[in-house]
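Trainee: This structure is in C-alpha cells; I'll ask about it shortly.
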Ligand SMILES: Nc1ncnc2c1ncn2[C@@H]1O[C@H](COP(=O)(O)OP(=O)(O)O)[C@@H](O)[C@H]1O
Ligand SMILES: O=C(CO)[C@@H](O)[C@H](O)COP(=O)(O)O
C-alpha cells in the first residue's frame, strides 16, 4: 500500500481502476485537489486468454493493497480494450476472455472485412476489424466453438464486466444482486473498440454483431452506454461511473487536449490524439475510437512494446536502469542494428503471424549498447509510423505525452525525442489510466469534469535524428 497524503475525516475521495493486461492498479484521489491519497496493485496471469475471475480477484487484492475503499464516494473502472467476455443467461462467463493480443482471430477479422467491406465498416463503426477487436473474437468463437456461441446471452468488455461485479451483480452463487444482465454498463470509448458500435451516433450496430455471431443478435444483451457525467448505484453507497477503455482513460488522466498526442508504452504500444471530429480510416491502420469525454480518439496500436524491452533487457542480463544506461551509451541508429520487434505477431502493420528480426549485424555493430538502443528504436519507430498515419487525417501533433510503464525509462524518453517529430513531455510517474478513471469518477459524481493539475517531470525538445527512422523503413516488408 502506498500512502502519499494523509486523509482527513472531511475529505471526499474517488477511486480509479486500471485493469490492464499485466496487472490491476487502483488509485484513490482527493475529490477537491486530485491528490493521490493511496494506491495499490495486483498482478494478472499471463496469457492471451484469461478467466475474468482472475481480474476480479486482482481487483479485490489491489483495493485491499490500497487500504480499501473507506471514504470513497465514486469509482470508475478503466481497462484493457476489446477483450471478449461472453456471459450466459445465468451471468456465468462461458469461456476464458479472449484478449486484444490474441491473434487467433486474424482470419475471422479478414472474413468479416470480406463479407462487409472495409469502407462499410469504417463508415458504420469508424474501425475496420483486426484480430484484436471484439467482433473478430465473436466470429472466432462462432466458428471454433459454436456450442459456446449458442449460449451467449450478453457480451461485455473487461471493464464492463468488472464494473458489473463491483456493483454486486454476477452469477447467483457469487454475487449479492445476481445475474441482472441489463445492469451491464459501458462507455463510448470502450464500446467503440468492439467494431459493432457507431460512436458518432452512440448506438450499437446489432446487424454487424449478428454477422460476427452468425445469428440474429437482437436478443444479445450489450452494456448500456453511460455518458461521462453519469453514474449508477454501486455497493456500500459507492457510485460507479461509466468507466473507459484504457487509452481513453489515460487521455483523461494526463489532461490531453487538442494538439496533444498520447504515446503509451505498456504491454501494447499506442499513439492517439483527442479530437472533436471522428476519424474513419478504411485502410484500418487508424482506429477511429471515441474518447471518454464526448469526443474522439483516433489511435494506432502495436502489439510489441514494453515487453520487447523486458525481453531484450533479460537477454542482456540487466535491469531496466542498466538497460537505459546501455541504450544511451550507443549512437542514434545503433551502428546500423535494426530490431523489427514483432515478437508477438503485429497489429500495425497488420502482420499477425510475423516474428521479430534483427538486421544489420556486423562484428562492429553487434554490441550490448547497440542492441539495447535498437530495441527501443524499433518500438518507437513503429509508433512514429502510426503517428504519421494519424497526422494524415489532419490531426496536429504539437507535443508527445509519454506514458505507460516504459515511459519511466530515461532512454525511452530521450530516444522518443529523436524519433518523433515533436517535443516530448513526460508526466510524473503514475498510473495514468487509473488516474483518468478517477477523473471520470469525480466527473460522474459531481456532474462536471474536475480541473486537477498534471505534474510534468521532463520536457525534451525535438531532437530529430533522421537516421533512426530511415534505416528502420528500409527493413519494412
Ligand atoms: N523503467 C522501465 N523501463 C522499461 N520498461 C519498464 C520500466 N518500468 C516498467 N516497465 C515495463 O512496463 C510494463 C508495464 O507497463 P504498464 O503500462 O503497466 O503495462 P499494462 O498497462 O499493459 O499492463 C512492463 O512490461 C514493465 O516491465
Ligand atoms: O488494444 C489496445 C488498444 O486498441 C490496447 O491498448 C489494449 O487496450 C491493451 O492495453 P494495455 O494493457 O497494454 O495498456
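Glycine is treated like the rest: Cβ placed from N, Cα and C.
Per TrEMBL, the feature domain 'Carbohydrate kinase FGGY N-terminal' maps to 14-253. Marked as site 'Important for activity' by TrEMBL: 18. The annotation substrate binding site is assigned in TrEMBL to 81, 82. Residues or ranges marked as active site, proton acceptor in TrEMBL: 246. Annotated domain 'Carbohydrate kinase FGGY C-terminal' per TrEMBL: 263-444, in sequence order.
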Trainee: Mean pLDDT for the domain 'Carbohydrate kinase FGGY C-terminal' (263-444), as a whole number?
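Mentor: Residues in the domain 'Carbohydrate kinase FGGY C-terminal' (263-444) carry a mean pLDDT of 97 in this prediction.
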Trainee: Spatial neighbours of residue 18 (site 'Important for activity') among the recorded positions 81, 82, 246, defined as Cα within 10 A: which are they?
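Mentor: Taking 81, 82, 246 one by one, the ones whose Cα falls within 10 Å of residue 18 (site 'Important for activity') are 246.
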Trainee: Hey, does DSSP put residue 18 (site 'Important for activity') in a helix, a strand, or just coil?
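Mentor: Assignment for residue 18 (site 'Important for activity') reads strand.
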Trainee: Counting only residues 6+ apart in the same chain, whose Cβ is under 8 Å from the Cβ of residue 246 (active site, proton acceptor)?
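Mentor: When sequence neighbours closer than 6 are ignored, residue 246 (active site, proton acceptor) has 18, 20, 78, 79, 80, 81, 264, 433 within Cβ distance under 8 Å.
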Trainee: So if I measure Cβ to Cβ from residue 82 (substrate binding site) and keep only same-chain residues at least 6 apart in sequence, which ones fall under 8 Å?
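Mentor: Result: 99, 100, 132, 133, 134, 137, 157, 193, 194.
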Trainee: Secondary structure at residue 246 (active site, proton acceptor) (DSSP, helix/strand/coil)?
Mentor: helix
